[in-house]
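Novice: I'd like to ask you about the structure that follows.
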Amino acid sequence: MNAQIQHLYNIASKAERRIVGLMSGTSLDGLDVALCRISGSGPATNVTIEQFETLPYDDELKAAIRRVFARKEIDFEHLCLLNAYIGRLHGQLILDCLHDWKIEPADVDIIASHGQTVYHAPRTQHRQEEFPNATLQIGDGDHIAAVTSIITFSDFRQKHVAHGGEGAPLAVYGDYFVFSNSGENRILLNMGGIANFTYLPADADARNVFTTDTGPGNTLLDAYARKLLGKAYDEDGKLARQGKPNDQLLQALKKNPFFDAPFPKTTGPEVFNVDYVAKAQEQSQTGNLSAADLMTTLVQFSADTIVDSIRRVMQPHETYRIYMSGGGMHNPALTDAIMQQLPNSTFGRTDELGINGDAKEAVLFAVLANESLAGGVTSFGNRQGVPSITMGKVSFPG
Ligand SMILES: Nc1ncnc2c1ncn2[C@@H]1O[C@H](COP(=O)(O)OP(=O)(O)OP(=O)(O)O)[C@@H](O)[C@H]1O
Ligand SMILES: CC(=O)N[C@H]1[C@@H]2OC[C@@H](O2)[C@@H](O)[C@@H]1O[C@H](C)C(=O)O
């Protein structure tokens, strides 16, 4: 037997595994690295985060990714080079983290890498009937395995697409495995570039759980923070706090079939971007809004579309606790606008469930790799949006 297969078998047979989960999302802020200890599998999964760090991307790298990110027309050579470059970079960043944490690479069992999404195209978005749902993440796992000498799982989204899903959101699997069986109706609200929530009813019936994107989280706020303030984001919602939402613009922004589509569904900055806002401003003749009013309106747009989606799953006479995660939970303008509209729900962060809200998505990929290694196929019912599968491709170092 190939010794690497034997090694993988040994890892799969362990009672507990050490897995590094990686996520770099639509905000392009950096690489989230979560060193996890995971035991069990399926709904009996147990995760402890040993270490977590976000390694910020420098401006040059952000610009290099933006040349291909969510764009219909790109320099193909640049995409090809970035695929290898990001793989190697992520490998090196893991080694740097392990060095800082005084952990030998040999003491890590597996790396679970999301990669960098460069284009997301569910059929509802590309509207070309002859083509399936599609999504593309770069930063190839073979490079990560070669640089770190650690077996790497990567490219998790393709299997989801291959089984009829949109390739996202994958959070449903991790959230169900880690946060269900609570006897509490839970909504896990993640506010990254794009916002999504997982619905975990108290009965923990896998056939009813799902995660859906709700629309923009921070992506438009960040785009306008760059444009209006020359900053990566509107820190603590300072600018948004100074304005008033403009109703005409808000209504124009909400006119998109995405918002009426059934759950689960996905979207991305391919749709919700500066051009989208500019068109809505043109339609609503609000091109002369002040910077503060524009930012406040964009915050209200994210908040309203998050709240409208969550309300769709809430049953009368039931109570819900909403657990926030993702960078948007640090923006009080956004969280206040959400909380005001859901006065009968209680709010917290996933931190109180043992998972740091900034690390949650990186942990998700560690959990998905753990499931592929040591779990089995959990039945989520016969649903296209939540196929009953395990995910991730394996790259051996040698
Ligand atoms: N103090 C803060 N004030 C306002 N916004 C903040 C603050 N801290 C973080 N953010 C927001 O959080 C973003 C980063 O969020 P996160 O890391 O969850 O995104 P991501 O993982 O790229 O997203 P996605 O879930 O879409 O993949 C920043 O770009 C910014 O918009
Ligand atoms: C295609 C893609 O990368 N989608 C991301 C993105 O970031 C948030 C939202 O849009 C979600 O759909 C997804 O990530 C999380 C981790 C998910 O799949 O659950």
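Think of each number as a place in line: the chain as shown, counted from 1.
Heads up, the Cβ atoms here are built off N, Cα and C, so glycines get one too.
Because the structure is a prediction, the values reported are computed rather than measured.
As listed in TrEMBL for this protein:
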type	residues	note
BINDING	Gly25, Thr26, Ser27, Leu28, Asp29, Gly30, Leu31, Asp32	ATP binding site
Novice: Taking only same-chain residues 6+ apart in sequence, whose CB is under 8 Å from that of Leu28 (ATP binding site), what do you get?
Specialist: Tyr57, Lys62, Ile65, Arg66, Phe69, Gly193
Novice: For Ser27 (ATP binding site), just count the other CB atoms lying within 10 A of its CB, please.
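Specialist: Its Cβ shell of radius 10 Å holds 22 other Cβ atoms.
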Novice: Which binding-site residues out of Ser27, Gly30, Leu31 lie by ligand 1, going by a Cβ under 6 Å?
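Specialist: By the Cβ criterion, which requires under 6 Å to ligand 1, the hits are Ser27.
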Novice: Excluding Gly25, Thr26, Ser27, Leu28, Asp29, Gly30, Leu31, Asp32 themselves, which residues in that chain have a Cβ inside 8 Å of the centre of the Cβ atoms defining the ATP site?
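Specialist: Surrounding the site, in chain order, are Met23, Ser24, Thr54, Tyr57, Gly192, Gly193.
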Novice: Please list the binding-site residues from Gly25, Thr26, Ser27, Asp29, Gly30, Asp32 whose Cβ falls under 6 Å of any atom in ligand 2.
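Specialist: The ones that qualify, in sequence order, are Gly25, Thr26.
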Novice: Around Asp29 (ATP binding site), how many other CB atoms lie within 10 A of its CB?
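Specialist: Around the Cβ of Asp29 (ATP binding site), 20 other Cβ atoms lie within 10 Å.
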Novice: In DSSP terms, helix, strand or coil for Asp32 (ATP binding site)?
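Specialist: The residue in question, Asp32 (ATP binding site), is strand (DSSP, three-state).
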Novice: Validating a neighbour-count step here. Other CB atoms within 10 A of the CB of Thr26 (ATP binding site): how many?
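Specialist: So the number of other Cβ atoms within 10 Å of Thr26 (ATP binding site) is 21.
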Novice: For Gly25 (ATP binding site), just count the other CB atoms lying within 10 A of its CB, please.
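Specialist: 23, counting other Cβ atoms within 10 Å of Gly25 (ATP binding site).
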